[in-house]
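What TrEMBL records for this protein:
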REGION    1-23  region 'Disordered'
COMPBIAS  8-23  compositional bias 'Basic and acidic residues'
TRANSMEM  32-51  transmembrane segment
DOMAIN    38-535  domain 'Major facilitator superfamily (MFS) profile'
TRANSMEM  73-95  transmembrane segment
TRANSMEM  102-122  transmembrane segment
TRANSMEM  128-149  transmembrane segment
TRANSMEM  161-186  transmembrane segment
TRANSMEM  192-218  transmembrane segment
TRANSMEM  230-252  transmembrane segment
TRANSMEM  264-285  transmembrane segment
TRANSMEM  305-325  transmembrane segment
TRANSMEM  337-358  transmembrane segment
TRANSMEM  402-421  transmembrane segment
TRANSMEM  508-530  transmembrane segment
Amino acid sequence: MASIPDPELGKRELPRDGHIEEPESKGRKIRGINWIVICASLYITCFLYGLDTTIAADVQGPVVAAFGHVDQFSWIGAGFPLGSVCVILLLGTLFNTFNMKWVYIATVVLFEVGSALCGAAPNMNALIIGRVIAGAGGSGIYLGSLQYLAIMTVEKERGLYMALIAVFWGLGCVLGPLIGGAFAVSAATWRWAFYINLVIGAVSAPAFILCLPSICLMPDVPRQEKLASIDFVGFVLGAGMWVSFLLAFTMAGGQWPWNDGRTIATFVVFGVLLALYALQQYFAIFTTPARRAFPGHLLRDRTQVLLYAVTAAGTTSVFVIVYYLPIYFQFVSGDGALMAAVRLLPFVVIAVAVNLVSGSLLHFIKLYKIIFLLASVFLLVGGGPMVAYLKPSTMTGTIYGLSILAAVGSGLSMVIGYTVATLTTKPEDTGAALKMQNVAQIGGQVIALALAGQIYRSRAIANLQSALAGHGYSYDEIWSAVAGTQSALFEELEGPLRDRAIDAISQAMRMTFVLVPVAGAVMFAAAMLMKWERLFGHGLHL
(Lines of atoms letter the chains of each structure in order from A and count residues from 1; the text may use other names and numbers.)
(Lines give C-alpha, C1' and ligand atoms only; values in the text may rest on other atoms or scores of the structure.)
Protein backbone atom coordinates (compact mmCIF):
# COMPACT_ATOMS: atom_id res chain seq x y z
CA MET A 1 0.00 0.00 0.00
CA ALA A 2 1.26 3.40 -0.85
CA SER A 3 2.16 5.35 2.24
CA ILE A 4 1.64 9.06 2.62
CA PRO A 5 4.11 11.15 4.58
CA ASP A 6 2.92 12.53 7.89
CA PRO A 7 1.75 16.18 7.95
CA GLU A 8 4.85 17.04 9.98
CA LEU A 9 6.83 16.36 6.83
CA GLY A 10 5.35 19.45 5.31
CA LYS A 11 7.08 21.58 7.93
CA ARG A 12 10.58 20.70 6.78
CA GLU A 13 12.28 22.29 3.84
CA LEU A 14 13.57 19.62 1.47
CA PRO A 15 16.54 19.83 -0.87
CA ARG A 16 16.20 20.05 -4.62
CA ASP A 17 15.81 16.28 -4.96
CA GLY A 18 13.56 16.13 -1.93
CA HIS A 19 10.81 17.97 -3.69
CA ILE A 20 9.74 20.90 -1.50
CA GLU A 21 10.74 24.52 -1.82
CA GLU A 22 8.71 27.08 0.11
CA PRO A 23 6.88 29.56 -2.10
CA GLU A 24 8.26 33.05 -2.02
CA SER A 25 4.89 34.62 -1.27
CA LYS A 26 3.18 34.06 2.05
CA GLY A 27 -0.11 32.92 0.50
CA ARG A 28 -1.06 30.25 -1.99
CA LYS A 29 -1.02 31.60 -5.55
CA ILE A 30 -3.85 29.45 -6.95
CA ARG A 31 -7.29 29.97 -5.43
CA GLY A 32 -11.00 29.72 -6.13
CA ILE A 33 -12.61 27.31 -8.57
CA ASN A 34 -9.29 26.63 -10.29
CA TRP A 35 -7.81 25.36 -7.02
CA ILE A 36 -10.86 23.19 -6.31
CA VAL A 37 -10.68 21.63 -9.79
CA ILE A 38 -6.95 20.91 -9.46
CA CYS A 39 -7.33 19.29 -6.04
CA ALA A 40 -10.35 17.26 -7.12
CA SER A 41 -8.55 15.91 -10.18
CA LEU A 42 -5.44 14.98 -8.19
CA TYR A 43 -7.48 13.24 -5.50
CA ILE A 44 -9.56 11.35 -8.07
CA THR A 45 -6.44 9.90 -9.68
CA CYS A 46 -5.05 8.97 -6.25
CA PHE A 47 -8.35 7.18 -5.64
CA LEU A 48 -7.80 5.26 -8.88
CA TYR A 49 -4.28 4.34 -7.79
CA GLY A 50 -5.63 2.97 -4.52
CA LEU A 51 -8.41 1.17 -6.37
CA ASP A 52 -5.99 -0.62 -8.69
CA THR A 53 -3.74 -1.52 -5.76
CA THR A 54 -6.37 -3.96 -4.43
CA ILE A 55 -8.96 -4.44 -7.18
CA ALA A 56 -7.18 -7.44 -8.68
CA ALA A 57 -7.39 -9.36 -5.39
CA ASP A 58 -10.93 -10.52 -6.14
CA VAL A 59 -10.73 -11.02 -9.90
CA GLN A 60 -7.79 -13.45 -9.91
CA GLY A 61 -10.03 -16.53 -9.98
CA PRO A 62 -12.27 -15.36 -12.85
CA VAL A 63 -9.22 -14.21 -14.84
CA VAL A 64 -7.51 -17.60 -14.52
CA ALA A 65 -10.81 -19.33 -15.28
CA ALA A 66 -11.03 -17.28 -18.49
CA PHE A 67 -7.43 -17.57 -19.65
CA GLY A 68 -5.98 -20.59 -17.86
CA HIS A 69 -2.24 -20.37 -17.11
CA VAL A 70 -2.54 -20.81 -13.36
CA ASP A 71 1.27 -20.93 -13.37
CA GLN A 72 1.14 -17.16 -14.02
CA PHE A 73 -1.38 -16.62 -11.21
CA SER A 74 0.88 -14.46 -9.03
CA TRP A 75 1.62 -12.06 -11.90
CA ILE A 76 -1.93 -10.69 -11.69
CA GLY A 77 -1.15 -9.17 -8.31
CA ALA A 78 2.61 -8.70 -8.56
CA GLY A 79 2.64 -7.14 -12.03
CA PHE A 80 1.20 -3.84 -10.78
CA PRO A 81 3.85 -3.14 -8.09
CA LEU A 82 6.54 -4.47 -10.44
CA GLY A 83 5.78 -1.66 -12.87
CA SER A 84 5.85 0.81 -9.99
CA VAL A 85 9.14 -0.28 -8.45
CA CYS A 86 10.87 -0.37 -11.84
CA VAL A 87 10.18 3.30 -12.56
CA ILE A 88 9.50 5.04 -9.26
CA LEU A 89 13.07 6.28 -8.80
CA LEU A 90 13.26 7.42 -12.42
CA LEU A 91 9.93 9.24 -12.16
CA GLY A 92 11.08 11.03 -9.03
CA THR A 93 14.05 12.32 -10.99
CA LEU A 94 11.90 13.32 -13.97
CA PHE A 95 9.49 15.28 -11.75
CA ASN A 96 12.43 17.19 -10.29
CA THR A 97 14.07 17.80 -13.66
CA PHE A 98 11.40 18.51 -16.30
CA ASN A 99 8.03 20.27 -16.50
CA MET A 100 5.94 18.53 -13.84
CA LYS A 101 2.68 19.04 -15.72
CA TRP A 102 3.67 16.99 -18.74
CA VAL A 103 5.44 14.32 -16.72
CA TYR A 104 2.28 13.94 -14.64
CA ILE A 105 0.00 13.82 -17.67
CA ALA A 106 2.29 11.23 -19.27
CA THR A 107 2.00 8.98 -16.21
CA VAL A 108 -1.80 9.31 -16.18
CA VAL A 109 -1.87 8.32 -19.86
CA LEU A 110 0.41 5.38 -19.08
CA PHE A 111 -1.93 4.27 -16.29
CA GLU A 112 -4.98 4.50 -18.55
CA VAL A 113 -3.26 2.64 -21.40
CA GLY A 114 -2.35 -0.16 -19.02
CA SER A 115 -5.92 -0.30 -17.70
CA ALA A 116 -7.33 -0.42 -21.23
CA LEU A 117 -4.98 -3.27 -22.13
CA CYS A 118 -6.05 -5.21 -19.02
CA GLY A 119 -9.72 -4.77 -19.84
CA ALA A 120 -9.33 -5.79 -23.48
CA ALA A 121 -6.70 -8.48 -22.87
CA PRO A 122 -7.17 -11.50 -25.18
CA ASN A 123 -4.88 -13.68 -23.05
CA MET A 124 -3.00 -13.80 -19.77
CA ASN A 125 0.24 -12.36 -21.16
CA ALA A 126 -1.54 -9.24 -22.43
CA LEU A 127 -3.23 -8.74 -19.06
CA ILE A 128 0.08 -9.06 -17.21
CA ILE A 129 1.71 -6.50 -19.52
CA GLY A 130 -1.23 -4.19 -18.91
CA ARG A 131 -0.86 -4.55 -15.14
CA VAL A 132 2.84 -3.68 -15.35
CA ILE A 133 2.15 -0.61 -17.51
CA ALA A 134 -0.65 0.54 -15.21
CA GLY A 135 1.62 0.11 -12.19
CA ALA A 136 4.30 2.25 -13.81
CA GLY A 137 1.79 5.00 -14.48
CA GLY A 138 0.22 4.67 -11.05
CA SER A 139 3.48 5.36 -9.26
CA GLY A 140 3.76 8.59 -11.25
CA ILE A 141 0.24 9.58 -10.20
CA TYR A 142 1.20 9.06 -6.56
CA LEU A 143 4.53 10.90 -6.72
CA GLY A 144 3.18 13.67 -8.92
CA SER A 145 0.23 14.40 -6.65
CA LEU A 146 2.52 14.64 -3.62
CA GLN A 147 4.92 16.84 -5.58
CA TYR A 148 2.25 19.21 -6.82
CA LEU A 149 0.58 19.69 -3.44
CA ALA A 150 3.93 20.11 -1.70
CA ILE A 151 4.87 22.92 -4.07
CA MET A 152 1.52 24.66 -4.55
CA THR A 153 0.57 24.86 -0.86
CA VAL A 154 2.03 26.94 1.95
CA GLU A 155 3.45 25.45 5.12
CA LYS A 156 0.43 25.86 7.40
CA GLU A 157 -1.95 24.04 5.02
CA ARG A 158 0.41 21.57 3.38
CA GLY A 159 -0.09 18.79 5.89
CA LEU A 160 -3.87 18.78 5.43
CA TYR A 161 -3.77 18.68 1.63
CA MET A 162 -1.13 15.95 1.57
CA ALA A 163 -3.01 13.93 4.19
CA LEU A 164 -6.09 13.99 1.96
CA ILE A 165 -4.09 12.00 -0.57
CA ALA A 166 -3.99 9.22 2.02
CA VAL A 167 -7.74 9.52 2.55
CA PHE A 168 -8.62 9.14 -1.13
CA TRP A 169 -5.99 6.48 -1.74
CA GLY A 170 -7.26 4.59 1.31
CA LEU A 171 -10.85 4.88 0.08
CA GLY A 172 -9.75 3.33 -3.21
CA CYS A 173 -8.04 0.48 -1.37
CA VAL A 174 -11.17 -0.21 0.69
CA LEU A 175 -13.48 -0.20 -2.33
CA GLY A 176 -11.08 -2.05 -4.65
CA PRO A 177 -11.96 -5.63 -3.64
CA LEU A 178 -15.68 -4.78 -3.49
CA ILE A 179 -15.74 -3.19 -6.93
CA GLY A 180 -13.61 -5.96 -8.40
CA GLY A 181 -15.79 -8.64 -6.84
CA ALA A 182 -19.00 -6.92 -7.97
CA PHE A 183 -17.82 -6.73 -11.57
CA ALA A 184 -16.54 -10.32 -11.46
CA VAL A 185 -20.01 -11.70 -10.69
CA SER A 186 -21.95 -9.26 -12.91
CA ALA A 187 -22.80 -9.36 -16.60
CA ALA A 188 -20.12 -6.71 -17.15
CA THR A 189 -17.49 -9.32 -16.09
CA TRP A 190 -14.11 -8.74 -14.49
CA ARG A 191 -12.96 -6.68 -17.50
CA TRP A 192 -14.83 -3.64 -16.19
CA ALA A 193 -12.75 -3.76 -13.03
CA PHE A 194 -10.08 -2.26 -15.29
CA TYR A 195 -12.24 -0.34 -17.78
CA ILE A 196 -13.65 1.73 -14.92
CA ASN A 197 -10.32 3.56 -14.73
CA LEU A 198 -10.90 4.90 -18.24
CA VAL A 199 -14.30 6.30 -17.34
CA ILE A 200 -13.14 8.02 -14.15
CA GLY A 201 -9.87 9.15 -15.74
CA ALA A 202 -11.75 10.81 -18.59
CA VAL A 203 -13.53 13.04 -16.07
CA SER A 204 -10.20 14.39 -14.81
CA ALA A 205 -8.46 14.75 -18.17
CA PRO A 206 -9.67 18.30 -18.99
CA ALA A 207 -8.54 19.53 -15.57
CA PHE A 208 -5.02 18.19 -16.10
CA ILE A 209 -4.67 19.85 -19.47
CA LEU A 210 -6.36 23.17 -18.69
CA CYS A 211 -5.79 23.77 -14.98
CA LEU A 212 -2.58 22.10 -13.81
CA PRO A 213 0.19 24.72 -13.68
CA SER A 214 3.46 24.19 -15.50
CA ILE A 215 6.16 23.90 -12.83
CA CYS A 216 9.81 23.19 -13.47
CA LEU A 217 12.34 23.02 -10.64
CA MET A 218 15.26 23.38 -13.08
CA PRO A 219 13.97 26.03 -15.53
CA ASP A 220 17.32 27.46 -16.57
CA VAL A 221 19.12 24.17 -17.26
CA PRO A 222 19.33 23.16 -20.96
CA ARG A 223 17.45 20.01 -21.96
CA GLN A 224 20.62 18.16 -22.98
CA GLU A 225 22.20 18.89 -19.62
CA LYS A 226 19.08 17.64 -17.85
CA LEU A 227 19.15 14.38 -19.79
CA ALA A 228 22.87 13.96 -19.16
CA SER A 229 22.30 14.29 -15.41
CA ILE A 230 19.94 11.29 -15.25
CA ASP A 231 21.41 7.94 -14.21
CA PHE A 232 19.86 5.93 -17.03
CA VAL A 233 22.30 3.04 -16.55
CA GLY A 234 21.30 2.70 -12.91
CA PHE A 235 17.59 2.86 -13.69
CA VAL A 236 17.88 0.19 -16.41
CA LEU A 237 19.94 -2.15 -14.22
CA GLY A 238 17.53 -1.67 -11.32
CA ALA A 239 14.48 -2.39 -13.48
CA GLY A 240 16.15 -5.45 -14.99
CA MET A 241 16.98 -6.73 -11.52
CA TRP A 242 13.36 -6.53 -10.36
CA VAL A 243 11.96 -8.08 -13.55
CA SER A 244 14.39 -11.02 -13.46
CA PHE A 245 13.64 -11.58 -9.76
CA LEU A 246 9.90 -11.80 -10.31
CA LEU A 247 10.33 -13.85 -13.48
CA ALA A 248 12.51 -16.37 -11.66
CA PHE A 249 10.20 -16.86 -8.69
CA THR A 250 7.05 -16.91 -10.81
CA MET A 251 8.19 -19.33 -13.50
CA ALA A 252 10.21 -21.68 -11.27
CA GLY A 253 8.20 -24.71 -10.23
CA GLY A 254 5.41 -23.72 -12.62
CA GLN A 255 6.06 -23.37 -16.32
CA TRP A 256 9.69 -24.29 -15.70
CA PRO A 257 10.91 -27.06 -13.37
CA TRP A 258 13.34 -25.92 -10.69
CA ASN A 259 16.20 -27.78 -12.38
CA ASP A 260 15.32 -26.48 -15.85
CA GLY A 261 18.03 -24.54 -17.65
CA ARG A 262 15.71 -21.55 -18.08
CA THR A 263 15.08 -21.39 -14.34
CA ILE A 264 18.78 -21.54 -13.55
CA ALA A 265 19.58 -18.97 -16.25
CA THR A 266 16.96 -16.55 -14.91
CA PHE A 267 18.33 -16.77 -11.37
CA VAL A 268 21.84 -16.24 -12.75
CA VAL A 269 20.68 -13.18 -14.69
CA PHE A 270 19.07 -11.82 -11.52
CA GLY A 271 22.28 -12.33 -9.54
CA VAL A 272 24.43 -10.73 -12.24
CA LEU A 273 22.14 -7.70 -12.58
CA LEU A 274 22.01 -7.29 -8.81
CA ALA A 275 25.82 -7.34 -8.63
CA LEU A 276 26.19 -4.93 -11.56
CA TYR A 277 23.61 -2.58 -10.07
CA ALA A 278 25.35 -2.59 -6.69
CA LEU A 279 28.76 -1.93 -8.26
CA GLN A 280 27.45 0.74 -10.62
CA GLN A 281 25.74 2.58 -7.78
CA TYR A 282 28.61 2.18 -5.30
CA PHE A 283 31.28 3.46 -7.67
CA ALA A 284 28.91 5.92 -9.43
CA ILE A 285 29.80 4.52 -12.88
CA PHE A 286 28.34 6.62 -15.73
CA THR A 287 26.89 8.98 -13.13
CA THR A 288 27.90 10.99 -10.07
CA PRO A 289 27.31 10.22 -6.37
CA ALA A 290 24.74 13.02 -6.23
CA ARG A 291 22.85 11.81 -9.31
CA ARG A 292 22.89 8.03 -8.89
CA ALA A 293 19.53 6.28 -8.96
CA PHE A 294 19.56 4.62 -5.53
CA PRO A 295 20.73 6.51 -2.41
CA GLY A 296 23.14 3.77 -1.40
CA HIS A 297 25.06 5.96 1.02
CA LEU A 298 22.11 5.65 3.42
CA LEU A 299 22.83 1.93 3.77
CA ARG A 300 25.57 3.01 6.19
CA ASP A 301 22.90 4.59 8.38
CA ARG A 302 21.61 2.05 10.90
CA THR A 303 18.26 3.75 11.39
CA GLN A 304 17.54 4.06 7.66
CA VAL A 305 18.32 0.39 7.03
CA LEU A 306 16.09 -0.71 9.90
CA LEU A 307 13.29 1.55 8.66
CA TYR A 308 13.69 -0.05 5.23
CA ALA A 309 13.17 -3.46 6.84
CA VAL A 310 10.09 -2.53 8.88
CA THR A 311 8.40 -0.80 5.95
CA ALA A 312 8.95 -3.83 3.72
CA ALA A 313 7.67 -6.12 6.49
CA GLY A 314 4.53 -4.06 6.99
CA THR A 315 3.84 -4.08 3.26
CA THR A 316 4.30 -7.85 3.15
CA SER A 317 1.66 -8.44 5.80
CA VAL A 318 -0.87 -6.26 3.99
CA PHE A 319 -0.68 -7.76 0.53
CA VAL A 320 -0.40 -11.41 1.49
CA ILE A 321 -3.71 -11.10 3.35
CA VAL A 322 -5.41 -8.86 0.77
CA TYR A 323 -4.64 -11.22 -2.12
CA TYR A 324 -5.02 -14.61 -0.44
CA LEU A 325 -7.74 -14.31 2.19
CA PRO A 326 -10.46 -13.94 -0.52
CA ILE A 327 -9.15 -17.11 -2.20
CA TYR A 328 -9.42 -18.95 1.11
CA PHE A 329 -13.07 -17.97 1.54
CA GLN A 330 -13.89 -18.87 -2.05
CA PHE A 331 -12.60 -22.40 -1.48
CA VAL A 332 -13.66 -23.06 2.10
CA SER A 333 -16.98 -21.17 2.26
CA GLY A 334 -17.90 -21.45 -1.40
CA ASP A 335 -18.15 -17.65 -1.64
CA GLY A 336 -18.40 -15.81 -4.89
CA ALA A 337 -15.96 -13.02 -5.67
CA LEU A 338 -18.22 -10.32 -4.19
CA MET A 339 -18.87 -12.10 -0.89
CA ALA A 340 -15.17 -12.92 -0.57
CA ALA A 341 -14.46 -9.20 -0.95
CA VAL A 342 -16.99 -8.36 1.75
CA ARG A 343 -15.21 -10.76 4.10
CA LEU A 344 -11.96 -8.90 3.45
CA LEU A 345 -13.47 -5.57 4.56
CA PRO A 346 -12.65 -5.90 8.30
CA PHE A 347 -8.96 -6.22 7.50
CA VAL A 348 -8.81 -3.47 4.86
CA VAL A 349 -10.94 -0.94 6.75
CA ILE A 350 -9.00 -1.36 10.00
CA ALA A 351 -5.63 -1.29 8.22
CA VAL A 352 -6.47 1.92 6.35
CA ALA A 353 -8.01 3.56 9.45
CA VAL A 354 -4.99 2.78 11.63
CA ASN A 355 -2.77 3.90 8.75
CA LEU A 356 -4.43 7.32 8.79
CA VAL A 357 -4.07 7.85 12.55
CA SER A 358 -0.59 6.36 12.98
CA GLY A 359 1.07 9.72 12.37
CA SER A 360 -0.92 11.30 15.20
CA LEU A 361 -0.04 8.36 17.43
CA LEU A 362 3.63 8.93 16.68
CA HIS A 363 3.27 12.59 17.68
CA PHE A 364 1.71 11.45 20.96
CA ILE A 365 4.17 8.65 21.84
CA LYS A 366 7.20 10.28 20.17
CA LEU A 367 9.34 7.12 20.49
CA TYR A 368 9.06 5.51 17.07
CA LYS A 369 10.68 2.31 18.35
CA ILE A 370 7.61 1.71 20.52
CA ILE A 371 5.29 2.06 17.51
CA PHE A 372 7.16 -0.57 15.52
CA LEU A 373 7.37 -2.93 18.50
CA LEU A 374 3.60 -2.65 18.94
CA ALA A 375 3.04 -3.24 15.23
CA SER A 376 5.23 -6.34 15.25
CA VAL A 377 3.39 -7.80 18.25
CA PHE A 378 0.03 -7.34 16.51
CA LEU A 379 1.37 -9.07 13.40
CA LEU A 380 2.69 -11.97 15.45
CA VAL A 381 -0.48 -12.31 17.53
CA GLY A 382 -2.72 -12.08 14.46
CA GLY A 383 -0.59 -13.96 11.95
CA GLY A 384 0.74 -16.76 14.15
CA PRO A 385 -2.63 -18.30 15.08
CA MET A 386 -3.78 -17.86 11.49
CA VAL A 387 -0.98 -20.18 10.39
CA ALA A 388 -1.58 -22.64 13.24
CA TYR A 389 -5.38 -22.87 13.27
CA LEU A 390 -6.67 -21.85 9.83
CA LYS A 391 -8.75 -24.79 8.56
CA PRO A 392 -12.22 -25.37 7.06
CA SER A 393 -13.72 -25.82 10.54
CA THR A 394 -12.37 -22.49 11.84
CA MET A 395 -15.19 -20.08 12.65
CA THR A 396 -15.46 -17.09 10.34
CA GLY A 397 -15.54 -14.74 13.33
CA THR A 398 -12.20 -16.11 14.50
CA ILE A 399 -10.67 -15.41 11.11
CA TYR A 400 -12.09 -11.89 11.18
CA GLY A 401 -10.60 -11.32 14.63
CA LEU A 402 -7.15 -12.56 13.66
CA SER A 403 -7.17 -10.52 10.45
CA ILE A 404 -8.13 -7.39 12.43
CA LEU A 405 -5.19 -7.93 14.80
CA ALA A 406 -2.88 -8.23 11.80
CA ALA A 407 -4.53 -5.15 10.27
CA VAL A 408 -3.61 -3.06 13.31
CA GLY A 409 0.02 -4.11 12.97
CA SER A 410 0.00 -3.44 9.24
CA GLY A 411 -1.64 -0.04 9.65
CA LEU A 412 0.79 1.07 12.34
CA SER A 413 3.80 0.31 10.15
CA MET A 414 2.62 1.56 6.73
CA VAL A 415 3.01 5.31 7.15
CA ILE A 416 5.42 6.30 9.85
CA GLY A 417 8.53 4.91 8.17
CA TYR A 418 8.34 7.90 5.81
CA THR A 419 8.06 10.39 8.64
CA VAL A 420 10.74 8.82 10.81
CA ALA A 421 13.11 8.47 7.85
CA THR A 422 12.96 12.19 7.09
CA LEU A 423 13.27 13.27 10.72
CA THR A 424 16.23 11.04 11.61
CA THR A 425 18.53 11.94 8.74
CA LYS A 426 20.41 15.04 7.67
CA PRO A 427 18.30 17.71 5.93
CA GLU A 428 20.27 17.23 2.72
CA ASP A 429 19.43 13.50 2.76
CA THR A 430 15.68 13.91 3.23
CA GLY A 431 14.88 13.28 -0.43
CA ALA A 432 17.16 10.25 -0.46
CA ALA A 433 15.43 8.84 2.62
CA LEU A 434 12.05 9.16 0.90
CA LYS A 435 13.44 7.30 -2.12
CA MET A 436 14.55 4.43 0.12
CA GLN A 437 11.12 4.23 1.71
CA ASN A 438 9.44 4.16 -1.71
CA VAL A 439 11.64 1.26 -2.82
CA ALA A 440 11.13 -0.58 0.48
CA GLN A 441 7.38 -0.28 0.27
CA ILE A 442 6.75 -1.11 -3.37
CA GLY A 443 9.66 -3.53 -3.63
CA GLY A 444 8.39 -5.26 -0.50
CA GLN A 445 5.04 -5.72 -2.22
CA VAL A 446 6.70 -7.33 -5.25
CA ILE A 447 8.75 -9.70 -3.09
CA ALA A 448 5.78 -10.59 -0.88
CA LEU A 449 3.46 -11.45 -3.77
CA ALA A 450 6.18 -13.39 -5.60
CA LEU A 451 6.98 -15.51 -2.54
CA ALA A 452 3.32 -15.95 -1.60
CA GLY A 453 2.45 -17.05 -5.12
CA GLN A 454 5.29 -19.54 -5.18
CA ILE A 455 4.35 -21.01 -1.78
CA TYR A 456 0.63 -21.22 -2.52
CA ARG A 457 1.01 -22.72 -5.97
CA SER A 458 3.61 -25.34 -5.05
CA ARG A 459 1.93 -26.44 -1.80
CA ALA A 460 -1.60 -26.47 -3.24
CA ILE A 461 -0.58 -28.65 -6.18
CA ALA A 462 1.34 -31.08 -3.99
CA ASN A 463 -1.53 -31.31 -1.49
CA LEU A 464 -4.18 -31.77 -4.18
CA GLN A 465 -2.16 -34.48 -5.90
CA SER A 466 -2.06 -36.36 -2.60
CA ALA A 467 -5.75 -35.78 -1.80
CA LEU A 468 -6.99 -36.79 -5.25
CA ALA A 469 -4.54 -39.63 -5.90
CA GLY A 470 -6.16 -42.65 -7.54
CA HIS A 471 -9.20 -40.80 -8.84
CA GLY A 472 -8.01 -40.30 -12.40
CA TYR A 473 -7.29 -36.57 -12.35
CA SER A 474 -4.45 -35.37 -14.55
CA TYR A 475 -1.70 -33.00 -13.52
CA ASP A 476 -3.19 -30.28 -15.75
CA GLU A 477 -6.61 -30.64 -14.11
CA ILE A 478 -5.04 -30.31 -10.67
CA TRP A 479 -3.14 -27.27 -11.89
CA SER A 480 -6.38 -25.63 -13.00
CA ALA A 481 -8.05 -26.38 -9.66
CA VAL A 482 -5.55 -24.16 -7.85
CA ALA A 483 -7.14 -21.14 -9.56
CA GLY A 484 -10.37 -21.43 -7.58
CA THR A 485 -13.69 -23.17 -7.14
CA GLN A 486 -14.76 -22.04 -10.61
CA SER A 487 -12.36 -24.59 -12.12
CA ALA A 488 -13.88 -27.60 -13.88
CA LEU A 489 -12.34 -29.99 -11.36
CA PHE A 490 -13.87 -28.35 -8.28
CA GLU A 491 -17.26 -28.04 -9.95
CA GLU A 492 -17.47 -31.83 -10.34
CA LEU A 493 -16.06 -32.80 -6.93
CA GLU A 494 -18.61 -33.98 -4.38
CA GLY A 495 -18.83 -35.32 -0.85
CA PRO A 496 -15.74 -36.49 1.05
CA LEU A 497 -13.51 -36.06 -1.99
CA ARG A 498 -14.41 -32.37 -2.24
CA ASP A 499 -13.82 -31.99 1.50
CA ARG A 500 -10.34 -33.50 1.15
CA ALA A 501 -9.57 -31.16 -1.74
CA ILE A 502 -10.71 -28.12 0.24
CA ASP A 503 -8.62 -29.23 3.21
CA ALA A 504 -5.63 -29.59 0.87
CA ILE A 505 -6.08 -26.00 -0.30
CA SER A 506 -6.55 -24.84 3.29
CA GLN A 507 -3.22 -26.39 4.30
CA ALA A 508 -1.51 -24.62 1.38
CA MET A 509 -3.11 -21.35 2.46
CA ARG A 510 -1.74 -21.76 5.99
CA MET A 511 1.76 -22.07 4.55
CA THR A 512 1.17 -18.95 2.45
CA PHE A 513 0.06 -16.93 5.47
CA VAL A 514 3.28 -17.88 7.29
CA LEU A 515 4.73 -14.77 5.63
CA VAL A 516 2.63 -12.63 8.00
CA PRO A 517 4.23 -13.80 11.30
CA VAL A 518 7.60 -13.92 9.54
CA ALA A 519 7.11 -10.25 8.64
CA GLY A 520 6.16 -9.62 12.27
CA ALA A 521 9.33 -11.35 13.48
CA VAL A 522 11.49 -9.33 11.08
CA MET A 523 9.81 -6.13 12.25
CA PHE A 524 10.28 -7.07 15.91
CA ALA A 525 13.99 -7.79 15.39
CA ALA A 526 14.49 -4.54 13.48
CA ALA A 527 12.58 -2.55 16.09
CA MET A 528 14.68 -4.02 18.91
CA LEU A 529 17.81 -2.80 17.11
CA MET A 530 16.45 0.76 16.77
CA LYS A 531 17.55 3.59 19.01
CA TRP A 532 15.43 4.83 21.90
CA GLU A 533 15.07 8.12 20.08
CA ARG A 534 12.40 10.73 20.77
CA LEU A 535 11.03 12.74 17.86
CA PHE A 536 9.37 16.17 17.95
CA GLY A 537 11.43 17.12 20.98
CA HIS A 538 14.80 16.61 22.57
CA GLY A 539 16.59 13.44 21.51
CA LEU A 540 16.67 10.57 23.95
CA HIS A 541 19.26 7.83 23.51
CA LEU A 542 19.43 5.01 26.04
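Glycine residues also receive a Cβ, built from the backbone N, Cα and C atoms like all the rest.
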Same-chain Cβ contacts of the transmembrane segment (402-421) under 8 Å, 6 or more residues past its ends?
1, 3-6, 8-9, 166, 303-304, 307-308, 310-311, 313-315, 317-318, 321, 325, 346-356, 358-359, 361-362, 368, 371-372, 374-383, 385-386, 433-434, 436-437, 440-441, 516, 520, 523, 535
Six or more residues beyond either end and a Cβ under 8 Å away: which residues meet both conditions relative to the transmembrane segment (508-530)?
302-303, 306, 309-310, 313-314, 316-317, 320-321, 324, 327-328, 331, 368-369, 372-373, 375-380, 382-384, 386-388, 390-391, 406, 409, 413, 448, 451-452, 455-456, 459-460, 463
Intrachain neighbours beyond the transmembrane segment (192-218), with Cβ under 8 angstroms and 6 or more residues off its ends:
16, 21, 30, 34, 37-38, 40-41, 44-45, 47-48, 51-52, 55-56, 59, 96-102, 104-105, 108, 111-112, 115-116, 118-119, 130, 134, 148, 151-152, 179-180, 183-184, 186, 226
Counting only residues 6+ away from its ends, which parts of the chain sit with a Cβ under 8 Å from the transmembrane segment (128-149)?
2, 4-5, 19, 38-39, 42-43, 45-46, 48-49, 52-53, 56, 72, 75-76, 79-88, 91-92, 95, 100, 103-104, 106-119, 121, 158, 161-162, 165, 169, 194, 197, 212, 215, 438, 442
Beyond the flanks of the transmembrane segment (264-285) by at least 6 residues, Cβ under 8 Å:
233-234, 237-238, 240-241, 244-245, 247-248, 251-252, 291-294, 296
Which whole number is the mean pLDDT over the domain 'Major facilitator superfamily (MFS) profile' (38-535)?
89
